[in-house]
Structure formats: C-alpha cells, structure tokens
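**Student:** This is the structure I want to talk about, given as structure tokens.
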Amino acid sequence: MDISEWDKRYIEGYESVARNISCVNRIFVAYNSNVDAIKHIGPGDVENLLRKVDVDTVQQRIFSYPRQIDSPVDFLARLLIAMKDGKAAEIPTYSTDIHEWLTDNLVFDEARMGGQAGIISNLLANMDLNKVIAYIPWLSPEQADYFVSSPNLLHPFVRQGRMELLPPAEACNSDYKAKVNWIIEFNKGLSVKYAEDRIIVPRNNRLIISSRPPWIRIDMSDEIYEHLPEMGRTVDGAILSGYQMIKEEYEDGKTYRDYVERAVGAIGQLKKANPDICIHVEFTSIQNKFIRSAILNDIVRNHVHSLGLDTVEVANALNVLGYEELAYSVIKKEEDAIVSLYEGAVRLLHELKLQRIHVHSLGFYICVVSKDCPIDVEQHLDSLLFASTTAASRALLGGIKSFEDIKAGLDVPISTQGMDQIEKLGAYLVRQGKCNLEDFENGCICTRNHDILIIPARVVDHPVDTVGIGDTISASAFAAVLAGMCSLRED
Ligand SMILES: Nc1ncnc2c1ncn2[C@@H]1O[C@H](COP(=O)(O)OP(=O)(O)O)[C@@H](O)[C@H]1O
Ligand SMILES: O=P(O)(O)OC[C@H]1O[C@](O)(CO)[C@@H](O)[C@@H]1O
Ligand SMILES: [Mg+2]
C-alpha cells in the first residue's frame, strides 16, 4: 500500500477499535507511578551545567558509562551520551543529591504523571474504558493527585477484610511520599558544545533520571495480594510494569528472588479465578543486566502473554538472552537493522513463550504474534493502527484527555522514513519466501510458526514531548487487542 492507501486503512482501524473498545470490561494496571519533573533542554543549558563541573572528568566518565547517577558528573556524562545518539535511556539514582542539584541548577518546566502504570492508567481512563483498576504500592496523597479524577479509574483498598475499589484520592496513604523522576527532553537539531566536541542532537528524545528511594518495593500488600483472585475474575487484561526497580539485595536481607517470586505469584493470583486473563508487561531501559535477565527469564517467560518495548530495549533483551551479535546489529545504524529487529523479535517471542511482542520504533511498529493468538491478523493490524493514531495525538497535543482527542492523530503524517524502513524488511521477507509482496504490502504476514504485523507509523515533527509515548503505544494497542478478543466472545 502507498501512503494514501495506508491513510484509508488507518481510518478503518480507528473506526473498528472505536466500535469495539466498549466491549472491554476491566483492565488492571500495576505497579509504578511517579511524578515526572520535565525539563526541555534549550540552547546553552548544557553548557551552563558543564561550567559547574570539571569537563575533563565528564569526558572520562563518558568512557566509563555510569549505570547509576551518583553525581552531577555522572548525570552530565549520560546526558551527553543520550543527546549524541538521540537515544532514550533511564538511569537510576539512589540518593536525593542529584534531585537537589537539578532543582538548584536546572529548574523543571512541568510536573506530570509519570511511570508506566501511572501514564497508562490515565490514558485508558481518558479513553472511556469501562473500568481501569490501578494499583500503586506507594500511593501517596501527592501521587494520587496526578491520577485523572474519573469514575472509571479506581484503586483497590482493603477495609475490615473486604476489598473496595475507591478513587485514588481516597485510597492513598499519607505515610507515603511522592517519588519524583527528572525527565530531560531534548529536541532534534539542538547543538551542544563541550570540550573540543560539538553534539547535534539527531532526534527528539529524553533521558530519565529514575529516583529509587530505599522504601521502593515492587510488591503488593498481603491484603491486596490475597484479594487478587476476586478482583481478577472480572478483569479482561492486566498491564504490569515497574520491575526495573527490583534490586539484587535489600537492607533487610531480602534479595531480588523474593520480589521476583512475589511478582510471579501475583500473576498467578490474577489467573486463579480467571485463567483467560491476558497479561501484558511494558518493558523499559534496565541498566542492571542481572535484573534485566531475571525479569525476562523468571517473570516474563511462561507467565506473560504480551510484551511491549522499543528498539533499544529489544537489543538489550537479546543481549542478556545470549544473542549478542543480533543485539548489536539491531542498534547499529546499518541498512539491515530492521531485519535484525524483526529476527530478534521472533527469538524473543519463542524464547519467552509469548503470544505477542509489540516493538515500537520511530516511524514503524512490528508485532510478531504466535499462531494461537485469539484475534485474526486484520484485527491485530487495527490495534496497531489505533495505537499509532493515539500516540501521534499524544505527541501532537501533549496528552489524551478523551477518546475524541485520539482522532487528531489521523491528521499526523505517516512517516516516509518508516515506509522506507519497512520496504527493506518486506524485501527480506519476500526473498526468504516468508510471504508474497501483496501480503507484505497489506501489513499482515502469516508464516508457518508465527504471524507478523508491520505498519508505518504516524510521526509528529515537533512533539510536545516524547516521554510516555511508548507506554501510550503499547497500552492502546493492548486495549484494542482485548477489545478484539471481547468482540469475538460476544459474536
Ligand atoms: N514525534 C513522535 N511522533 C510519534 N511517535 C513518536 C514520536 N517520538 C517517539 N515516538 C514513538 O514513541 C516511542 C518511544 O517509546 P519509549 O522509548 O518506550 O518511550 P516511553 O517508554 O518513554 O514511553 C518511539 O519508539 C516511537 O515509536
Ligand atoms: O522506573 P521508574 O522510576 O518507575 O520510571 C519510569 C519512567 O518511565 C516512564 O514511565 C516513561 O516510560 C516515565 O514517565 C517514568 O519517569
Ligand atoms: Mg517505553
């Protein structure tokens, strides 16, 4: 299909999901939400910060590639790396020092809902889903304020042994404090001078400084955990994220094993009363390779149906699963990178025993689906087209306040670079005898042991910001897949 035919197919996809989305009864979302302190870096901002530290030390730190932020030098080193590559990254910090230094030296532009679970809960509630049940282990009054106040967005609360669903403002605990992450957004074309170097940012993206206060636990209270089967009975799907905050060791002697076990147990609890529940995990940039491997091998593998992630995260996942060569070819800027991305997604689908793996990249999405996925490829394509429309609207407007807002995304141009990229993948698939050109052109490819959906995505030239667009893509696609499943049950 050419761009005008894709435009028409996008409208069909949007309308199909708009008809079905009300079939979804409930979606459960957990664990992580935080406050995102967003700073849009402008000309001279980085140079000003560099004047406050020793630039030679920053240069040295760039070579050592810090995997956590303990100082302004670590922060500036990772910021320069991210800006130079235009790549998204999330780096943990375990002290409040950098928060204070950034507050004193950078000042943020806006404080907004952050965290995959927080962003996704608000998105789904604003899409008028029947019910979104959000669970945040550390829901403070300040954090509760960042949830949309809507009757369809509730939080579980156990009182006298009974579980109730309350608005977040009534379910919060004043003993908890807000967790604040810094989001440094940088725009394509921004130039930064440091030492003898000059960086020109190649694409809009963001660096996340993830605060990891000592009280953070990716876990559920025993009371909520015990009531999960009761809650899971009426839930069509669950979207789980935040596992990146699991640590190898804790001050009380517990280790990551305890929290991995609880995470797997919670998924088992959800399935207990509702074996058909569909589980999605939203992945992210995880600096600790050991934890990244444990999440994939011990939580996702065998327990999860659906995985959402971006291109770099596919490479990172392949790396810890032993496909180092393939991981490297995914991220090197060469002609066949998209072919490696597809081949990598196929390996992850089979290695992790998933039903679907949805990869979002700037300009195109690839979704590899197992043969036992309940919805057909055309319905699945609708969900990706709907997701791209929703993401484009978020990038254009800065947020989705209603289902109506999503339509604005249909006017965002389809990426011609994305079209060029997927043409390369199409040529490869036809050469490999995996499909004929017509199937490829329609975006739906059925091979012997998996199906593939490939779409060119709509891309906003100057997005309001980029943080959370990936969460938006994965969650709206997953909600649309659930809608497709529910509509099949109703037919
Ligand atoms: N300007 C844009 N217009 C449309 N989509 C975009 C734009 N910028 C980024 N995206 C999409 O958002 C995705 C970002 O995903 P990710 O890095 O997972 O972000 P996050 O985890 O912060 O939500 C990109 O892979 C791309 O598909
Ligand atoms: O790992 P953490 O600290 O929960 O942070 C997740 C980060 O990822 C995002 O959800 C974007 O995906 C940000 O909003 C948030 O700051
Ligand atoms: Mg993401």
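In case you wondered, yes, glycine gets a Cβ from its N, Cα and C as well.
Just so you know, TrEMBL annotations never went through curation; they're auto-generated.
From TrEMBL, for reference:
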BINDING   GLU282, GLU313, ASP471  Mg(2+) binding site
ACT_SITE  ASP471  active site, proton acceptor
**Student:** Around ASP471 (Mg(2+) binding site), how many other C-beta atoms are within 10 angstroms of its C-beta?
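**Tutor:** Summing over all protein chains shown, ASP471 (Mg(2+) binding site) has 25 other Cβ atoms within 10 Å.
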**Student:** Which residues, in sequence order, are found in the same chain with Cβ within 8 Å of the centroid defined by the Cβ atoms of GLU282, GLU313, ASP471 at the Mg(2+) site, excluding those residues themselves?
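**Tutor:** Close Cβ neighbours, site residues excluded: GLN116, SER241, PHE283, THR284, GLY308, LEU309, ASP310, GLY470, SER474.
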**Student:** Using CB under 6 Å from any atom of ligand 1, narrow the binding-site residues GLU282, GLU313, ASP471 to the ones that qualify.
**Tutor:** ASP471
**Student:** With the Cβ under 6 Å from ligand 2 as the test, give me the qualifying entries from the binding-site residues GLU282, GLU313, ASP471.
**Tutor:** ASP471
**Student:** Just how many other Cβ atoms lie inside 10 Å of the Cβ on GLU313 (Mg(2+) binding site)?
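**Tutor:** Cβ-Cβ neighbours of GLU313 (Mg(2+) binding site) within 10 Å number 23.
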**Student:** What's the number of neighbouring CB atoms sitting within 10 A of the CB on GLU282 (Mg(2+) binding site)?
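**Tutor:** 27, counting other Cβ atoms within 10 Å of GLU282 (Mg(2+) binding site).
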**Student:** Which of the three DSSP-derived classes (helix, strand, coil) applies to GLU282 (Mg(2+) binding site)?
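**Tutor:** In three-state terms, GLU282 (Mg(2+) binding site) counts as strand.
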**Student:** Check GLU313 (Mg(2+) binding site) against DSSP and tell me helix, strand or coil, would you?
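**Tutor:** Looking at the DSSP assignment, GLU313 (Mg(2+) binding site) belongs to a helix.
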